[in-house]
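Q: A single structure is presented below for examination.
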Ligand code: FEO
């Protein structure tokens, strides 16, 4: 079954959205690298890598369906933040945006009755539930910690435990 042109275009856009997401998280990691919070830097670095994996999953799907991959420029991400809470609030917004994008894609896949694409997108929708929850949980605890340095460092240490999705050891965490 040939991939519908509109769906092909949206899947290509999603490659870009996921790569943009990866860049957004890499900028967050870079911001944390300038703070004492090496655990949060590691978290964001790993998240960036996960988003690249998502982009590659869409890329591979477009290739496997014998459609043409068209890559677009990636926008410059926001580079400065006010606090760890500020970063995680942006992270939650980013994930909510991606969930919306995948939902919209699913609508189109449904309209054109492309069940293989629906199957791929269902995997992503489930992934989004998990991603939003993970960020929301950390955000709740960051709000509880407020500006207390000892509590923030406990959360930072916890963030460092979050494994890279590729299982390859993740970010080095070189410290200052
Ligand atoms: Fe690939 Fe976090 O959405």
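Every residue gets a Cβ built from N, Cα and C, even glycine.
These came from TrEMBL, pasted as-is:
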- 18, 51, 54, 95, 128: Fe cation binding site (BINDING)
- 167-176: compositional bias 'Gly residues' (COMPBIAS)
- 1-146: domain 'Ferritin-like diiron' (DOMAIN)
- 157-176: region 'Disordered' (REGION)
Q: List the residues in the vicinity of the Fe cation site, defined as same-chain residues other than 18, 51, 54, 95, 128 with C-beta within 8 angstroms of the site's C-beta centre.
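A: Neighbours found: 17, 21, 50, 98, 124, 127, 131.
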Q: Give the helix, strand or coil assignment DSSP yields for residue 51 (Fe cation binding site).
A: helix
Q: Same-chain residues six or more away whose CB lies under 8 A from the CB of residue 51 (Fe cation binding site)?
A: 18, 19, 21, 22, 24, 25
Q: Tell me the Cβ neighbour count for residue 95 (Fe cation binding site), meaning other Cβ atoms within 10 Å of its Cβ, over all protein chains shown.
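A: Other Cβ atoms within 10 Å of residue 95 (Fe cation binding site): 22.
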Q: Tell me, by DSSP, whether residue 95 (Fe cation binding site) is helix, strand or coil?
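A: The three-state answer is helix.
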Q: Over the domain 'Ferritin-like diiron' (1-146), work out the mean pLDDT and round it to an integer.
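A: Here the mean pLDDT over the domain 'Ferritin-like diiron' (1-146) amounts to 97.
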Q: Between 18, 54, 128, which of the binding-site residues has its C-beta surrounded by the fewest other C-beta atoms within 10 Å?
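A: Per-residue Cβ counts within 10 Å for the binding-site residues 18, 54, 128 bottom out at 128.
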